[in-house]
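Inspection log for the structure reproduced underneath, given as structure tokens.
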There are 2 protein chains.
Amino acid sequence: MTSPAGEGRTEGALDPAIAARLKRNEDGLIAAVAQQHDTGRVLMMAWMDEEALRRTLHSRQATYYSRSRARHWVKGESSGNTQYVREVRLDCDGDTVLLLVEQTGPACHTGAPDCFEADVLLRPESTPPAA
Amino acid sequence: MTSPAGEGRTEGALDPAIAARLKRNEDGLIAAVAQQHDTGRVLMMAWMDEEALRRTLHSRQATYYSRSRARHWVKGESSGNTQYVREVRLDCDGDTVLLLVEQTGPACHTGAPDCFEADVLLRPESTPPAA
């Protein structure tokens, strides 16, 4: 089991050159989208503060910030369904990172492979769109 | 060219059964991740309010809400780089939608194919992770 307290004691701060490129929201957070690196499946969306990003880059274990619990969490710290992080990419306006991960087990707390499985609001049309 | 004004005159409100499942942030917005439907490429992240989601579901043209400009925008309305929406999926906690789209032209305003091209914060390790 990963210890968030132990992680917290890791020395250092986020690379200032990276920190300067982040466009945090009013809560100091950026969005983080996790994608399975080989299948392309989009797994989930969560939030990171600077420290969560630092820990993710340092440990390669996806680490987010929970707004409701007001604390960092290592994905899978209780379920074992961790995300090993292969790549991290920052978007053009600096408010979202894309994590390319190797997901262990299901990504969603419901047990689904990803968080977008259950609720389809719009399905493909049976005919292709007009040109 | 799509007319946002024309879109705005479309009758109706978002399906109340869908609206009830949305978990909007303090600004009334949900996150929207656009993914190219066939390649799996994650293109961009933007925001939607209820009306942007309604227009997207109704028109199948990805329509977002710009926080900086405080207005709706149809993706590609000025550039022509539109997103035809094949599927929309709501995540397990109702605060993010995944759009599976057919992107015309580059998705990013920089001219890059997607918004995560330019800034790589972490690259794959040359050796696989320890088991």
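The backbone N, Cα and C atoms fix where each Cβ goes, glycine too.
Taken straight from TrEMBL:
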type	residues	note
DOMAIN	B:44-117	domain 'Phosphoribosyl-AMP cyclohydrolase'
BINDING	B:D91, B:D93, B:D95	Mg(2+) binding site
BINDING	B:C92, B:C108, B:C115	Zn(2+) binding site
Item checked: Whole-number Å value for how far B:D95 (Mg(2+) binding site) lies from B:C108 (Zn(2+) binding site) (Cα to Cα) -> 23
Check: Here the binding-site residues are B:C92, B:C115; which one has the lowest number of other Cβ atoms no more than 10 Å from its Cβ?
Finding: B:C92
Check: Counting each residue once, how many in the domain 'Phosphoribosyl-AMP cyclohydrolase' (B:44-117) are helix, strand and coil under DSSP?
Finding: 10 helix, 30 strand, 34 coil
Checklist line | Integer Å distance between the CA atoms belonging to B:C115 (Zn(2+) binding site) and B:D93 (Mg(2+) binding site) | finding: 25
Item checked: Local Cβ density at B:C108 (Zn(2+) binding site) - other Cβ atoms counted within 10 Å -> 19
Next item on the list: Tell me the Cβ neighbour count for B:D93 (Mg(2+) binding site), meaning other Cβ atoms within 10 Å of its Cβ, over all protein chains shown.
Entry: 16
Next item on the list: Look at each of the binding-site residues, B:D91, B:D95, and point out the one with the fewest other Cβ atoms around it within 10 Å.
Entry: B:D95
